[in-house]
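Now, the feature entries from TrEMBL:
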type    : residues                                                                     : note
BINDING : Lys6, Tyr153, Val154, Glu155, Tyr156, Ser157, Gly158, Gly183, Gly203, Asn204 : sn-glycerol 1-phosphate binding site
BINDING : Asp8, Thr34                                                                  : Mg(2+) binding site
Amino acid sequence: MQHLFKLDPAKTLPDGAGERLIRSGTDGFIIGGTDGLNLEATRRLFQEFASSHLPVFIEVSDEAMVIPGASQYLIPMVLNSTNVNWLIGAHHEMVKQYGAFIPWPHVLTEGYCILNPDAKAAQLSEAKTNLTTDDVAAYASIAENMLQLPIFYVEYSGRFGNPRMVQAAKSELTNTKLWYGGGIRTEEQAREMAAIADVIVVGNILYEDFEQALATVKTKR
Ligand code: 1GP
């Protein structure tokens, strides 16, 4: 898996986009968002893509993302958050309330490192974003060696990131997969990050320039 589109239930895709995305050559979809989320919109979006042969990951960052039947659920832990709620607090509440219903074999935990201070997710999670490459490497090492997470996610949502930061994370990772997302708008940018990260995630551009978004798939190795 090398390329994923991130679909936001709070936003509207152009007509006919679903079919074209399914046939685009991407490896799958993440359904995720930060605000304006509601259960009905999430369910509708999931149903549209669930019938495809591709995996649909639901990123559970809010109760409005808790819908049954997905092939995989992604649970973010914001490793560079300064608010314990985003690291473990909300997770504790969720497991306490819904523990018996959580399909654990279908759950993947993502260790997020959010680096764009203007991203909504950074603000919401009160992430410490002014990090050095050594800081990012240390978070990646924690994900790999201490927490043994399946995914370390370098997140620049809304802005194209610094490849040196992504490389710093990559250098620490063996078993943990490196996902990169943020500001990919061109084929060239997609190629640059795809050369470092295991998986690139393309989001916003889907809602701004759909054809450009499709072009990012061409960079698959
Ligand atoms: C957002 O990492 C993804 O969570 C993708 O970022 O929306 O900026 O492409 P963009």
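Keep in mind that glycine also has a Cβ here, set from the backbone N, Cα and C atoms.
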Gly158 (sn-glycerol 1-phosphate binding site) CB neighbourhood, other CB atoms within 10 A: 16
Val154 (sn-glycerol 1-phosphate binding site), number of other Cβ atoms within 10 Å: 29
Entries of Lys6, Val154, Tyr156, Gly158, Gly203 (binding-site residues) sitting next to ligand 1, with Cβ under 6 Å as the cut-off: Lys6, Gly158, Gly203
Asp8 (Mg(2+) binding site) to Val154 (sn-glycerol 1-phosphate binding site) - Cα separation in whole Å: 18
Rounded inter-Cα distance in Å - Tyr156 (sn-glycerol 1-phosphate binding site), Thr34 (Mg(2+) binding site): 14
Farthest-apart CA atoms of Lys6, Tyr153, Val154, Glu155, Tyr156, Ser157, Gly158, Gly183, Gly203, Asn204, residues recorded for sn-glycerol 1-phosphate, distance in Å: 17
Reduced DSSP assignment, Lys6 (sn-glycerol 1-phosphate binding site): strand
Binding-site residues: Lys6, Asp8, Tyr156, Gly203 - member with fewest neighbouring CB atoms within 10 Å: Lys6
Rounded distance in angstrom between the Cα atoms of Gly203 (sn-glycerol 1-phosphate binding site) and Thr34 (Mg(2+) binding site): 12
Lys6 (sn-glycerol 1-phosphate binding site) and Thr34 (Mg(2+) binding site), Cα-Cα, nearest whole angstrom: 12
